[in-house]
C-alpha cells in the first residue's frame, strides 16, 4: 500500500510540474525562425484536423446504429457540448499540444469501445465527443506557436503552413472516410468484443496519429505559446 501511495504522489508531482505556470521568455525579434519546429507543429496540426473531419461527420449515423431511438435533438446536445469544450480549452490551454494529444487518445479509446457497452452508450458518446472537443480546442493553439517561432519577415510564409494544415485536413478526412465505407457495418470481429467497421476504423487511425503526434512534439524545439518576440 505504501508503494502505491508513493507512486500516486510521484504521478501528482509530475502532473503539477507539467502544467506549472512559468515566466514567459522574451525572444529577440532577430532570433532566427525555427523552421523545424514550424514544420513539426504543422504536421501535428494536419493530423488533428484530419481527426476532426474524419470522425465527427460519422457520429450521428453511428449513434443511430447503436441506439435507433436516438433523435436529432440528442445529437445537437452532443455537438453543443463539443463546441463548448473546444471553446473553453482554447481559452485555457496555452501551449498544451501534448495535453491535446493525450486527450485525443483517451477519447479515441472510449469511442472505440462504445459498441461493446450493454448500457450507458449515450453517456459514453457525450464523454468521448466532449474529450475530442477539448482536445481540438487545445490543439488549435498551434497557430500561436507558429507566430512566436517565426521572425516578422518570415511570418507570412509560416502562417501559410498553418493554413495548409487546415486545408489538407479538410480534404484528407472526408476522403479517407469515403474509403472506410467500403468496410461496411457491422464489420469484422476484433479484440475484447469490438468490431472493425466504417465507424471504428477511423478511431484506430486517430489513435495511431495521436501517438505519432506525441512523438513529433517531443522532437520539436522547446518554445511556449506565452513567449514574446520583441524588437531589441
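Any Cβ shown, glycine's included, is placed from N, Cα and C.
Curation plays no part in TrEMBL annotations; they are all automatic predictions.
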Transmembrane segment according to TrEMBL, located in which of 12-37, 38-63: 38-63
Intrachain neighbours beyond the transmembrane segment (158-176), with Cβ under 8 angstroms and 6 or more residues off its ends: 33, 38-39, 42, 45-54, 57, 142-143, 146-147, 149-150, 202, 205
